[in-house]
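J.: Okay, so TrEMBL annotates it like this:
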- 1-27: signal peptide (SIGNAL)
- 138-180: domain 'EGF-like' (DOMAIN)
- C170-C179: disulfide bond (DISULFID)
- 292-333: domain 'EGF-like' (DOMAIN)
- 332-355: region 'Disordered' (REGION)
Amino acid sequence: MPPPRRAALGLLPLLLLLLLPPAPKAANKPTPCQRCRGLVDKFNQGMVDTAKKNFGGGNTAWEEKTLSKYEFSEIRLLEILEGLCESSDFECNQMLEAQEEHLEAWWLQLKNEYPDLFEWFCVKTLKVCCLPGTYGPDCLECQGGSQRPCSGNGHCSGDGSRQGDGSCRCHAGYQGPLCADCMDGYFSSLRNETHSFCTACDESCKTCSGPTNRDCSECEVGWVLEEDACVDVDECAAETPPCSAAQFCKNVNGSYTCEECDSSCVGCTGEGPGNCKECIPGYSRELGQCADVDECSLAEKACVRKNENCYNTPGSYVCVCPDGFEEAEDACVPPAEAEVTEEESPTQPPAHEDL
């Protein structure tokens, strides 16, 4: 049996693992299609950047005649390829190294026949992408067709990639397998064989046939049907107030909020000290609102001890002895050294020395 010390040391790596912070989650890596599209986008940008260049020598006419035009030259291709990947982008450089021959073949032989590099390279050659409006391993058409997937009102799952199932994820307001139907809270403002548009109902409608509160088929919660229109319910007017005694009710469309009364109020009907039902102690109603009472200015003194100072505070007051004075039971007593100064002591005669 190993000694206890060895057993404890064996637990040390486990304890260290438990104490270490969790490893950060790896960022979502780009899909093969995204990498291919990124490479093609940079290639196309390289073509734009080199469009007005030439061989750079002194006799451009001779160079173009002898070496072929720069526009279709291998020199231009090399310049484009050199600018595709940052030196630190390992995955880009790895993909470029693996596919450089394909890009060279397209540039020198196939560019005129297949002018769309993305379609030739990513879709037909590498087979990592699909054309817009198609999805999955076989690039099938999305729901609703490749021209207007999901009726133009949603996103096709896997659109343009070799992934997904082609189903529709509808935009707000739309529903159904082709995103051609309107959700509750929306009405169909246009619908024909090719297009469907849904527009939001008035906020008072749960369902509707038009844009106003008179077009509601059913009122939303917080509204009630009156005279063929959905109108807001004033919850604050209910017999039993929905808010606490220290709050006031504020009606909003379809609902209400409870707001705190002013700090000077005992109950209130609205915001601020002018809407108090009653005033808290230390406040009194002046000019229609609860205002602080200055107890220190009243005819009857609030601070009754001798030499005491009164200081008003919101809703109350404090009694304080002046600086240097000492508190006694019924007065603020002056400092001891001041008392000695005021009372002149008799001069004592010098003591006689014994002879």
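The backbone N, Cα and C atoms fix where each Cβ goes, and this holds for glycine too.
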J.: Pick from C170, C179: which of these disulfide-bonded residues has the biggest number of other Cβ atoms within 10 Å of its Cβ?
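T.: The largest 10 Å Cβ neighbour count belongs to C179.
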J.: So what's near the domain 'EGF-like' (138-180) in sequence-distant terms, Cβ-Cβ under 8 Å and 6+ beyond its ends?
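T.: For the domain 'EGF-like' (138-180), the far contacts come to 31-33, 123, 127-132, 186, 191, 194-196, 198-200.
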